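K.L.:
Right, I'll just put the structure down here and ask away after.
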Amino acid sequence: PDFRMDADAEAARIAREEVQRGLADLNRMSVSFASKDKEGIQMKALGETSSLKDNQLTRDQRSGTVESGGSDDLRDASVVPVESSYALFFQVVFPFTIAGVGMVFAGIVLDYVQHWELFEEVPEVFILVPALLGLKGNLEMTLASRLSTLANLGELETPQQQRSVISANMALIQVQATVVAFLASAFAMLLAWIPNGEFDGSHAALLCASALATACTASFLLSLLMSAVVIASRAAGINPDNVATPIAASLGDLTTLGVLSLFGSLFLHAHQNEGWLNLCIIIFFIVLAPVWLRIAMRDEGATQVLRHGWSPVIFSMLISSGGGFILKRAVEQYPKIASFQPVINGVGGNLVAVQASRLSTAYHQMGRLGELPNGWTVRRFTSFTRAFFSKEWDSRSARVLLFLVVPGHMFFNWLIRLFHFSAVVPPSGALFTSFYLFAALSQVIVLLYVCQWLVSFTWASGIDPDNAAIPYLTALGDLLGTAFLFITFHAVDSIEPTLV
């Protein structure tokens, strides 16, 4: 019996040791699998073109609590894209060039149409130009940024998702275009009334009808194009943040300026014959707005923009109209400035929109709205050195975008001189080019610096940067570009008056 008891005890001891070894092996396997799984999640999240199933993060990961090696670099955040500077450059340079060519032709068109009866009879139209051209930043480029974020989060994968989101957002754009155009025409008349103290009701009706028809028509065409670009970019494995906003800029200025000149001229002739036509056009677009509003409210994201997204659009329109007031004065003194105004404004707005769109997408992937990841504060993004000279991901992007400014403007200015239609040759030469490039580079530096702070500030304030940042930045670009361009012409005029 004692032998049997000893044998049973020995067997039990061996069994316990086997169980302990098995548990230890299971623990080691689970730790190994967990580390591999964590690494796999991070690697998937780092891919910009990964779909929603690859970006399905836990609450702790999305709030930025995942360990990132203790680094403060944007590259180490759990889901930030880490594409190389070369990849960014080659994805941006082609749409940037196409956008610049579109802006060149917009400048040529503005130089040509400034002598039309519309602009000579109703000079207040010049005040409308930056505000309406700025719609591409207020509406279309914001739409492109919003759709790019949704695409990168995998929420535009199925045809049903695409139809629902795109139809609601296009209706949203129509509502915003109607409101902004109405306010822009009213503000243009106010700015025209302030210097002279005279109010012309017929001019006010003409401006309002032209603004409404231009904004709604151009915005419909461009928002349809933006939706197609985002879907096609996603299907081709290209980050839509890098291409959608430049393409919005490529046709935005040219389309809007062409539509404004055409409709404005038609309404001017109709006004001279039938004064009631402009009022009918205004009533038509105002009555149509509730229809678009009802369609837009079918989508939760569009509904949020309708409830909380008006301040950026309206204040940006006011800023752009300030640029229009400067443009009106500048064109009266330097008619040659018209060829360069859409280009300098468009290039600056184009580049900063790319940066803002990329930063917004990164924040959406990194954490919750209202909380900066990794314990960051907004004060961190007030550093000029961090914005342009650090090794962080957004700083590298800023340097790549700055690198495009000088060669881009030199090429675009050459195209302006090559394709100008009027007998007046646009200014050129070392003196003008040096002043112009300094103005353009200063504009983009200011915009990119403000961009890093503004995107972080809006995110930390619980405001989606996709809806707020780009309107402010492009409007600031319009104001700075027009002001810097006016200063450039004035400086060159004081040194060599024959050039300008």
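Each residue, glycine too, has its Cβ placed from N, Cα and C.
Sharing the record's features from TrEMBL:
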| type | residues | note |
| --- | --- | --- |
| REGION | 52-74 | region 'Disordered' |
| TRANSMEM | 88-113 | transmembrane segment |
| DOMAIN | 129-262 | domain 'SLC41A/MgtE integral membrane' |
| TRANSMEM | 165-194 | transmembrane segment |
| TRANSMEM | 206-231 | transmembrane segment |
| TRANSMEM | 243-268 | transmembrane segment |
| TRANSMEM | 275-297 | transmembrane segment |
| DOMAIN | 341-487 | domain 'SLC41A/MgtE integral membrane' |
| TRANSMEM | 400-423 | transmembrane segment |
| TRANSMEM | 435-460 | transmembrane segment |
| TRANSMEM | 472-492 | transmembrane segment |
K.L.:
Taking the transmembrane segment (435-460) as the reference, which of 165-194, 243-268, 275-297, 400-423 gives the largest number of Cβ pairs under 8 angstroms?
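P.N.:
Between the stretches 165-194, 243-268, 275-297, 400-423, 400-423 has the largest tally.
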K.L.:
For the transmembrane segment (88-113), which recorded stretch in the set 206-231, 243-268, 275-297 gives the largest number of Cβ pairs separated by under 8 Å?
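P.N.:
Per the Cβ count, the answer is 243-268.
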K.L.:
Hey, which bits of the same chain come close to the transmembrane segment (165-194), Cβ under 8 Å, at least six residues off its ends?
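P.N.:
Distant contacts of the transmembrane segment (165-194): 123-125, 127-128, 131-132, 135, 138-140, 143, 146-147, 150, 155-156, 203-204, 207-208, 210-212, 214-216, 219-220, 223-224, 227, 285-286, 288-289, 292-299, 301-302, 305-306, 310, 313-314, 317-318, 321, 324-325.
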K.L.:
On the DSSP side of things, how many residues of the domain 'SLC41A/MgtE integral membrane' (129-262) fall into helix, strand and coil, could you say?
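P.N.:
Helix, strand and coil residues of the domain 'SLC41A/MgtE integral membrane' (129-262) number 119 helix, 0 strand, 15 coil.
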